[in-house]
Amino acid sequence: MASFQVSKEEKLKENQEERYTLDGTVDMHGRPAIRGKTGRWIAGNIILLNQGLATLAFFGVGVNLVLFLTRVLQQNNADAANSVSKWTGTVYIFSLVGAFLSDSYWGRYRTCAIFQVIFVIGLAALSLSSHLFLMKPKGCGDETTACAQHSSWEIGLFYISIYLVALGNGGYQPNIATFGADQFDEEDPKEGHSKVAFFSYFYLALNLGSLFSNTILGYYENSGMWAIGFWASTAFALAALVLFLAGTTRYRHFRPCGNPISRFTQVIVAAIRNWRVEGPQSDYELFEVEGKESSVTGSRKMLHTHGFKFLDRAAFIASRDFNEKQGYYNRWRLCPISQVEEVKCILRLLPIWLCTIIYSVVFTQMASIFVEQGAAMKTKMWNFEIPPASMSSFDILSVAVVIFFYRRVLDPMVTKIKKSGAKDLTETKDSKGLTELQRMGIGYVIAVMAMLSAGIVENYRRKYARIDCTNCEGSSSLSIVWQVPQYALIGASEVFMYVGQLEFFNDQAPDGLKSFGSALCMTSISLGNYVSSLIVSMVMRISARDDMPGWIPINLNNGHLDRFYFLLAGLTIIDLAVYMACAKWYKSAKIEGKYVEDTEKEDCGV
């Protein structure tokens, strides 16, 4: 009878474990999330649709903002380009603000909802101000009809509107990717596989949204129908918000973990205060709070790893720091090992993140130098005029094709090869496709190929160009179609680099800093823009001597844009070598429950 009772209790316990998620997520009421009623692909698909619609709305403004400033607000090219650069940079700065509020206080759901409301308000204000005040006379803002001068308050209203758009999108963007990943329990094998797949589909949704805005909305705005384009963006953003709120009862949540700045500071101060103390000889001498809960609220426990041993001093137990009877300890003298490992984790991620900035330099050429190169080529195909900026559509199509190829063909094939070569059952179980670090490395290689392709095309473009022309637009008889390979290669490299980067930072960032991990990806692109501008300025200063106009003059036929592309290829190769060294050095975080079966497996592999 007793044995029957025990088995019944064990069975009930097993059913409870199967019913609830194992990664610590909760439902909207703060109760443990029920696996069958929350998250998974129902919630994931809502978030993917939300991302596609929000991206469409954002790029409906951003893709032609420079034309709006020149045609409607009558700014010159330099001032307009500078205004757009500041606005774009502000978007990425606000991403750090959104990530901080999400991880520390609000949680990802509330942060996404609040910033999407701000996003909709900004777009509505932009649409209203354009419709009522800026588009005068009616029909102005196309290539031929100039708009009238505007008062300072009208221009001020415009800037308030677009910076509300920047605030809303910037605060929302790093959190929505992480919130989507939260809907899949990585402690469950099936949901863990879906979580990995989610990032690929998330990046695909982002690209499909931008494809629609770059083509359909871009066409209306380029024709002078700015108000219609802005109102359409507002409608799509509102639809995204309504869709997001409709899935409220279905979402899984991680609790916010408090201010990370204070936690980091406590570890540094405690380690400095104990710098004279001889380092701990074993893990048993390191302090950790008892029980299953981590010392960092809402996070799983992080296990001790080797490296950055100086920081271990912050967790070394001394009698003056810890009262065993009362359970009291001074956090500025003694920090739990979970808190110390959180700092170590971020320090290990920074070198990988810094390496990705040079890749972002290559990526940003697609929106600038590639377009200028295309404008200097033959853009007519039969009786159809191909806008040089529209060639980015091949990048988006490449992203879609490569994501499908990777998810359906390459990943299963690599997994099968790894399993067939496994030595034992444990290796077979752990075998999976390419790791995130390996995929990022492949992204570098493809990016080098893209720059080499662009350089070769430019070399042939100049051979077929009229050197004596005063304006290089359309001066070469080489068709713009020859740019397709470089756009397609950039798209393929994005799938391996940016999707791998999203997965990597989400997987390796501590539970209390997941949104910050996604924000790192956005700031990498932002810094890539600034570094690209710096490289261009340096190249022009060095290459422009005496009667030489430099590598990238106004008339490309008089320059050597091909050398600039080859320079970027060389810098990427050097960066790849540094990246490989950092990836080999990198040791992955150990999270209790996540690496239960193999706690010695520290690196992601390259």
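Along the chain as shown, residues are numbered 1 onward.
Each residue, glycine too, has its Cβ placed from N, Cα and C.
Note that TrEMBL annotation is computational and uncurated.
The feature transmembrane segment is assigned by TrEMBL to 46-69 (among others).
As annotated by TrEMBL, transmembrane segment applies to 90-107 (among others).
Taken from TrEMBL, the feature transmembrane segment covers 113-134 (among others).
Same-chain residues lying 6+ beyond the ends of the transmembrane segment (198-220) with a Cβ under 8 Å from its Cβ atoms: 44, 47-49, 51-60, 63-64, 177, 180-181, 183-184, 228-229, 232-233, 389-390, 392-393, 395-396, 399-400, 403, 406-407, 494-495, 498-499, 502-503, 506. The transmembrane segment feature in TrEMBL is assigned to 198-220 (among others).
Residues or ranges marked as transmembrane segment in TrEMBL: 226-246 (among others).
TrEMBL lists 349-371 (among others) with the feature transmembrane segment. Residues 388-389, 391-392, 395, 437, 440, 443-444, 447, 450-451, 454, 483, 486-487, 490, 493-494, 497, 501, 504-505, 508-509, 517, 520-521, 524-525, 527-529, 531-532, 535, 552, 561, 564, 568, 571-572, 575, 578-579, 582-583, 585-586 of the same chain, all 6+ positions outside the transmembrane segment (349-371), place their C-beta atoms under 8 angstroms from a C-beta of that stretch.
Listed as Cβ neighbours of the transmembrane segment (441-460) (distance under 8 Å, sequence separation of 6 or more from its ends, same chain) are residues 359, 362-363, 365, 370, 373, 434, 478, 482-483, 485-486, 489-490, 492-498, 500, 561-563, 565-566, 568-569, 572-573, 575-576, 579-580, 583, 606. The transmembrane segment annotation in TrEMBL covers 441-460 (among others).
Within the chain, the transmembrane segment (520-544) has long-range Cβ neighbours (under 8 A, six or more residues past its boundaries) at 85, 88-89, 91-93, 95-96, 170, 173-174, 349, 353, 356-361, 363-365, 368, 498, 501-502, 505, 550-553, 560, 563-564, 567-568, 571. Taken from TrEMBL, the feature transmembrane segment covers 520-544 (among others).
The annotation transmembrane segment is assigned in TrEMBL to 564-586 (among others).
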Candidate ranges 46-69, 226-246, 564-586 - greatest C-beta contact count to the transmembrane segment (113-134) (under 8 angstroms): 226-246
Long-range environment of the transmembrane segment (226-246) - Cβ separation under 8 angstroms, sequence gap at least 6: 46-47, 49-51, 53-54, 56-58, 60-61, 64, 68, 72, 112-113, 116-117, 119-120, 123-124, 126-127, 130-131, 134-135, 141, 213, 217-218, 220
